[in-house]
Each structure stands twice: as C-alpha cells, then as structure tokens.
C-alpha cells in the first residue's frame, strides 16, 4: 500500500500524547514524560493519542467523552487500567504501565501509516444550544444579551471585582477534571474577571492521591528508613516536576524527574536548588510573599508539608525513636504562603536525603508501626481527608498563574488508603461492568 | 530592475525565514534535553512539520473567522518584512529605507496586535486570557526597544540600517553602548513570547493563544514565531554587532555568524529561565528596564558626541 | 519603490501563510460541534469567552501613550543629534526626567501591578 512520504515522515515524529489521569494509578505521567518517543502536551488539540490511565468513575465519564472528541483527526485512544467506552469498537487496552510508552509509540506509528483507523467521535454532532435569534440574520432575541448567539449566551457583569471594585463581565466556566495543572479528578467552577479568580467552587473532588506501597507497609511493620525516606523524596520531586512544568520551565522539570528516577542515599539536590534560586523562580515566577497564605486553622487541617510551611511543627517522625537517634527535627517555615511551600518541598527533600544517607550507614528501621508520616500528611488513627474546599478560600483574589502555582503547591486530595497492586472490588461510583460506557 | 528590486528582497526574506526557522527548531531540540533524542535531530523538525500537516485543523464554536485564519499568516508576513530590512552588505540590502528603524519599530507594535488577534479570535476562554495577558507585555517592550534603537541611531545620524552598521566601523555598539544589547535581547524574547516572557502561549493556560490550534495553522504559527526570532537576531546583529563587518569572510557570512550567535543566546535564555509572573514582568520592565534604557540612551548620546 | 517591494513581500507571504493553512485541509472533514467546544480540561463553559474583559493594566497604557509621543519626537531628534551637540542632550534629558517622574508616580500608585 502506497503510503505517502509525508505520512512516513509523520510516523517518525514523537507521539503527541494528551494524558488523562484517573484514580489509583502510579506515576504514569512521569513514565511517559521521560520516554524519548513521546511528547506530553497540555491540550488535546496538540495531540494525536489520548492515553487514559487509571480508573475513571461514572461521574467523570461525560467529561472524558468531551475531551475524547476534542482531539483532531486522525487520533486514537489507549486505555490503561480503565474501561473504555462501548462506542469505540476496537479500543487499545494496555494494562502494564511499564509497557505503555512503547505501546503508545507503536500505536502512533500505525495511525500515521494508515494501518489503524482514526477513532470515531462519541458525542452527537449538535450545537450546545440551537442557534436562537429573531429576525433574518438571527440578530436580536429575548433576554438581556439576546438569547444564545451561536449556541451560548454572552457573559454578563455580576459582581464587583475583588481587587479594584470595578464591575466588568464575569466569565464562569467549569475547569475540568482532566486539566494538566489540576489534581486529577478535580473539577471546579471558576469565575474570573479578566484573569483574576473571583470564586473557585469545587464541584467534583479530586481522586485520592496514591503514595508508594512502602508507606502502607510501614503501618504494619518496621521498614528500612532508607527506603521510606527515598520514597518521600521521590514523591516530593515528582510534585516539584509538575509545579515546574506549570511554571514554564520544562527543561528543569525534566531534570528533576530524572533525578527522582535515580535517587540513592548519596543524591544531593544542592545543584537543583542553586539552579532554582539563580534562575529566579522565587524572585520572578512564583507569587510574591503573602500570596496564597494559609491561616493556622487551615494549615493544621491540611497537615503535611503545607502545615510545616506555615510554622506548625507537627511531624509523626519526631515520635519515632530511631528518627530521633538520627537527629531528626521537623523543618519549618513561618510564612504559610506559596513561596514558602515551594521552599518547604526543597527543604523536605534535602532532609529526606540526609536521613536516608545516615540511615544507610547505621542500617536502621522505623521503630513505630501504626503511624506513618506520608508525604500527603500524618496517618495515625486519622488519615488525611480531602481538603479541596480549602481552595475556595485560598484561591479567590489571585491572578491566574499565581492561582495555578498555588494549587500546585497544595496537596488537597484525600489519601488513598489501599496500596496499589491490591485488587479492589468495584464499588459504587465505578464503571464496573462491561457494557457501561 | 524588477529582478533586484522586487524579486531579490523577496527571495532573501523567504530563504532566511525558511532556513532560519528550521535552524531554530534544530537548535531548540538540541538544547531541550541534550540526551535521549530519538531519531536524528536534523530530521525531527521535518517529521513534526509533516505530522502537523496530517492533522485536522480545528475550529471553535464561534471564532472570528477572518482573524482566526489571518493571524498566523500575518505574523509570518511581519517576520518576512523584518528580514527584508536586514542589510547583508553595503550593497546587498533587501529594502534600503531611509527610516528602516522606524519600520522595524512598527513591526514590533503590529506583532502585539497579531498575537492578540490570534488569541482573541478563537473565542475560547484560555486563549483569551493569554491574548490579554500578552498585550501588557507587548506594550511594555515596545518602549525599551525604541529607546535602545534610537541610541544605536545616534552615532549614525540616520535611521537607515546601512548607516547604523557603517557607524560601527571603529567600535561595535555592543562595546560602546553596553546596556543596549542585553536590553534588546529582552525585547526579542518578548516579541516572540519565548521562554521567560511566554505569557501568550504558556503552559498554565494549556497552550494559551494556541490552545485551540491544530494542524497546518499551528505549523504556520510555529513557523512565524521562529522566523520572527531569526529576523530579530539579524536586526540585533546589524544594530549591535557590526553587521557585515569582519576580516576574512565576506560580509553576508559574517552577518550570518553573528545572527546565529544572537539566536543561540536567545534560545539558551528561553530554556534557562522560568516564565515571569505577569505582574512582576510589568513591574520589572517599567521600573527597572525602562530607566536602564534611558541611561543607555544618554550614554549613547554622550559617546556619540565624544567620538564625533 | 521600496513601498512596492514591501507590499509585495507582505502580500506574497500572507498568501503563502493562508495557502499553507488551507491546502492540506481541503479534503478533511469539518470539525463536529463537540469537537469545537473550548478546551477547559473536560469542563463546560457557561458563556462565550468574549466579554468585557477586565484589563488590569489600563493605567499603564495611559503612561505608554505619553512615552509614545516622546518616541515620535525622538526619531527626528536622533538624526540631527550630533549637529546640535550638547543642547540636544539637555533637551532630551529634561524630557526624560519629566516623564520619569511619571513612572515613579505610577509605580508608587501600583499601576504596574494587577491592581
């Protein structure tokens, strides 16, 4: 079959992937980001492969359909640990995360060379509202703004602006569950005036955040401190990677991710820290001191590194005899704002690496079981709950990029209480049986 | 006459735009990760371009259709005009206006309009924010650019680019007006919203003005951006690095080398710095960089009088 | 003649840009309505995006206009600068000083922040 040279050349291009992250999936974004033949993009328009990794429950399916239809032809979807839609006759299912990059690259190549057809569109081809208008050209109509020209109403001014009190139009939309800057599964109704967030109402809570199995194991039995501290550093480095991506520093983000993949007790982040400071992350990119600050009650409820960045020095590790022997003391910062939280990440990574180095020399294990300080927060009898309503109090009044960087610094999802790899029975809210699309 | 007045400038502009855009893609890829490059780095831009050509061109629900289609093409045209202004040798100039610096300034101003149109015409929420956010930057770098270029024009007693180069016969402006080139590089980053000044197509807006672009229009937009970067580098090399002047090689070769140097510096800066927050960007440009450009102007005037 | 050349380059490049966008898309399908919805991470919008956008740098643009007028003055000033000598430096210094007061005032008033 004669494939044009253009298509053959296109098959050699890296696969542009829009990743949709669902519940209970490991570090799939990080795996795909490091693969050389794959380029992760921020919008489905720039992609030709839609990768859905992790379970997407029923309530989130409609939004997934919307995203699926937004990719330009020719496109294809790859499903990993998730039920695909029934309308897709021949979906590609690949449940092994390690084999996913290779599978995606091959799928892209097949798509370009014409061996695989482009996926069908799922939603019916209808405008959101029928074109409503009176008169010959559809001008005029009822309501203040003339009905719904071209399918949607126009924005209207609602309330005074938060910063300067001038009332101009408010733009309201739902920022979706699968946006790359939001925690997976979080949908919020955002209203903006200009680019300043006026209100942020969470309409769907994010999926529970997954921590490495060693944190779950630490609640059963003593585990080597080296392992648990390296896992903690890895978790924070991955959060830093996402934050740096949003902050517009992809090269350093990739370097951070590579470091996370190659952590050892001898690793050192001094170089990374130096690059971040000299590159002007705090002086130029992050919000100013004072923006995105949590007050004490909010910080205490949130727990974890965010609370320590606000000056609350609670850390379950200080109750552990072996940690005390290594000279552990919780690192804290006073200002509970976004800049402090980003600094806190670096502090905690450094502290974890130092602890891991020392523990490797003495070959220590944790002394306590039952209680573990996860990177998300303390887990003793109480576990970290979902705190996404906090966002509605912290984010209004911030400009868009400040709001997203603040969101990146806050870990508001609940903690997933079951480690990955444990098979769970499908419960309510899951897609469950085959045949449900 | 038709040949060298009409065809030659056009061919020069297109040749430089095409080769330059390809070179920008190759260099950017080389600088991006440095390791783990799949496939040949020379073929990669062509492969990506071919892939973009196979994509469907998305449209939105109710865009401003003429502007939606024109914006990438207009940006490309502005870059081509900029390239036509560059003097390759005392005799080989695309278009030798007596006021070429003024025309370059107007291209910078029009670039702001075009980039705004690109985001606004989509009628999409994230693209709109990107467009309006960029205009703040666009209006700020314009002034810095003008003061710095006026400083370059002072010793030449003329606004013609060939005279500006001729006035550097004794000393290049990068030495005699040391603040000029760094400030002008910031302008270059803003003009093509590259790296730290990427307020238009940024990652926190999922691609900003280009969030709804796919397929061939996206390719033309990327091409235009790269061509504008090349045009800017050539103008910077002309105004600050002595243009065609240099010992053994012919004039055009020297200009190419100098433009390449400026281009590499711009690409490096693009990878090395995070994106500035819009408020801090505005404050930085008006409170720090603009007064510095005043100082640069006064310095340039003093040096010009002293050397005259 | 230069104007003709520039217009020629403008029109031809514009034509190339438009052709590059239109030619490969001739045979492909029109995007469906769901495909055209604005990308919001999977969410839906309430209204069109076009609105009376709250530009927060509006006072900065007023300052910009003042400086633009100065720029218009400086183009011919640059050409006769060396002839006029020190007098020209003095004039420009005065002009810049007056406008710098404007910048300082604007800075203190918070014009350069998203206020």
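Cβ atoms here come from the backbone N, Cα and C positions, even for glycine.
Given the ranges B:35-57, B:219-241, the record in TrEMBL names B:219-241 as transmembrane segment. With a cut-off of 8 Å on Cβ pairs spaced 6 or more residues apart, the transmembrane segment (B:179-199) and the transmembrane segment (B:253-270) reach 3 or more such pairs and are scored as touching.
Long-range Cβ contacts of the transmembrane segment (B:101-120) within its own chain (Cβ-Cβ under 8 Å, at least 6 residues beyond either end) map to 64, 67, 70-72, 74-75, 78, 81-82, 85, 127-128, 130-132, 134-135, 138-139, 141-142, 145-146, 149-150, 152-153, 159-161, 164, 187, 191, 193, 200, 208-210, 221, 228, 235. Most Cβ pairs under 8 Å with the transmembrane segment (B:219-241) belong to B:70-89, among the candidate stretches B:6-27, B:70-89, B:132-154, B:253-270.
Contact counts against the transmembrane segment (B:70-89), taken as Cβ pairs under 8 Å, peak for B:6-27 among the stretches B:6-27, B:132-154, B:253-270. Remote same-chain partners of the transmembrane segment (B:6-27), defined as residues 6 or more beyond its termini with a Cβ less than 8 Å from a stretch Cβ, comprise 41-42, 44-46, 48, 76, 79-81, 83-84, 86, 88, 94-95, 223, 226-227, 229-231, 233-234, 260, 263-264, 267. If you look at the transmembrane segment (B:253-270), the same-chain residues 6 or more away from its ends with a CB under 8 A from one of its CBs are 20, 23-24, 27-28, 31, 86, 88, 185, 188-189, 194-196, 229-230, 232-234, 236-238, 241-246.
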